[in-house]
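**Student:** Provided herewith is a single structure, encoded as structure tokens, for subsequent inquiry.
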């Protein structure tokens, strides 16, 4: 039965005898035969070549990479290599076998000589266990069998699922904290003094929100919107932002400990990737010379310039979205539909968020191509180096694609739009957007909610449906089983069992080199959403938690049932992703500090409470200290000072006998519209809070990182005992040999 196990299958179209493709295919297969590979050919609508490597190759691998503690074992006492290692070695040799025309398998696949190459999903005990106990929706809350995943898919995939499981488990804590903050916000929905003042301000006349067809309006019209804003923007949000900064550190430190325990159990703690790659090169070709390390400042400069150009393009896209919202607000406010007229700003924000999601989908494809092109420019020495370079570039591009629009909404919206009578305009025509009188944080909340919901629901549905439908369609193309007539009775023709197995594997969806990378990228971007602007969207961890519970099993079902078997990769950590996650953790501190200091109304309200409120000026003990805050935060504008664009259309909608003034959100003097002392007071308080918050949060992060050791003491002791016993054995072997 062992003789019928095949390491890899190569698939090719049936080419004409003597054609260029057929000759190239024959040359490649001849090279494999010279290396001692057994090749079995099966013909169907395509040509299938089963490939089995000789045992000698695996013996060389074991000898070159034997454990230090196996040095005294006799060379003959070897164990069989695991299936995952076997597949990995064969894949390496297939990818690095060179034909007399100096072509590798990669080149031949580009030229359509071969269509596919893949290892087989075997009917083995581990696979059946994983299919039944892991890759099913009913096992959604069961513990993941990481050891079994490792035995079937290799260490890299097992570490991905171990990390994702750990991340999801700790997200549960953040989700509970976020939900508590959100629910506490709902409880003060009607009791907030600031909201009450907005709801009762039925005589406060506000300046028009656009130039044409926008009436003057009463502040009390936005009562509900104000209540929603103060549900998100309250003191609990500050505590939650600090909590999430600490959570991100604790999560990573605990993951490092968890990873150290797991890889020590796998005997991979001190594994050397470079040594492994050199060993595989020598097994494939004894004459191989390693590529030397090189660094070109010219190449690095070109790559850096191109990366900056891409970032500028993405910031340009964010600007385009801003212009869309500005123009959309102007158009909606002139609409015939009453709902669109009244809610022009909110509708523009919502449609802008959907448009932002669409740009994310398109730019993801563009970013990948550009990142691959830049990696080719750099000419990395090894595959793992190429993977690191690619990861850094694609994450940078994706980060700016996802967050440039959010950064604008969080930190620039409503701060660069000027004031009534002197608005900043696009092309001298359209006014920039303004923040709502109750604050900008709701705009950020809407944007975050829409992008996270769309990204997680649509992406997951597409991620599952597309391969599922593709697999079903390929299965339908399956020809009926051949039958033959014997003595007037029909019976099924005996079929080569390999043929059925190879065809079934071929009909599964193709896996590519980026299959696992894509899953990691998706999760790290989600982690960024969950931590960076969490102060504006406390429900982000909850959404991420529910998404991940499904994601784990979605990935499991895809890998086990819908996709061909992945080529196992050896690894002892999650690679460069750890540095990316640590960088996101620092960005989270900066992002949340800025959201509270700049976007939120937390600082202006505190300044008012402790400097200008009735509690300070009148020593009133029974009064809420935020009484009068709204009136204090609105400046007065004389209607006669409006620009011609505004005066022409907006004034007819207003009864001028009521008042000659309107209010707007800012801290300016009524006579010359210069900034008041309070504006500079708040500005200083914002800066002071930002510096204090970030220093405290970063100090707490550093203390947490120091307090929780990266490697558990049990793992250190295990490694210590191992080294000690190895040295003792070496010494006893030496003494024994000298006695003899």
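The backbone N, Cα and C atoms fix where each Cβ goes, and this holds for glycine too.
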**Student:** With the ranges 236-255, 256-275, 276-295 to choose from, which does TrEMBL describe as transmembrane segment?
**Tutor:** 236-255
**Student:** Would you please say which range out of 150-169, 170-189, 190-209, 210-229 has the annotation transmembrane segment in TrEMBL?
**Tutor:** 170-189
**Student:** With a Cβ cut-off under 8 Å, give me the same-chain residues at least six positions beyond the ends of the transmembrane segment (571-598) that come close to it.
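**Tutor:** The answer is 154-156, 159-160, 163, 237-238, 241-242, 244-245, 248-249, 252, 256, 259, 263, 266, 268-269, 271, 273, 384, 387-388, 391-392, 395, 410-411, 415, 441, 444, 520, 524, 527-528, 531-536, 686-687, 689-690, 693-694, 697-698, 701.
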**Student:** Take the C-beta pairs under 8 A between the transmembrane segment (301-324) and each of 344-363, 394-413, 524-550. Which stretch has the highest count?
**Tutor:** 394-413
**Student:** Could you count the residues of the domain 'Anoctamin dimerisation' (84-146) that DSSP puts in helix, in strand and in coil?
**Tutor:** 32 helix, 3 strand, 28 coil
**Student:** Any idea what the model's mean pLDDT is for the domain 'Anoctamin dimerisation' (84-146)?
**Tutor:** 87
**Student:** I need to check the long-range neighbours of the transmembrane segment (170-189): which residues 6 or more away from its ends have a CB within less than 8 Å of a CB in the stretch?
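**Tutor:** Residues 195, 227, 230-232, 234, 236-237, 239-240, 243-244, 247, 250-251, 254, 530, 534, 538-542, 544-545, 548.
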**Student:** Please give the sequence-distant neighbours of the transmembrane segment (394-413): residues at least 6 beyond its ends with Cβ less than 8 Å from one of its Cβ atoms.
**Tutor:** 307, 310-311, 314-315, 317-319, 321-322, 352, 356, 359-360, 363-364, 367-368, 370-371, 433, 435, 440, 443-444, 447-448, 451, 521, 524-525, 528-529, 532-533, 536, 580, 591, 594-595, 598-599
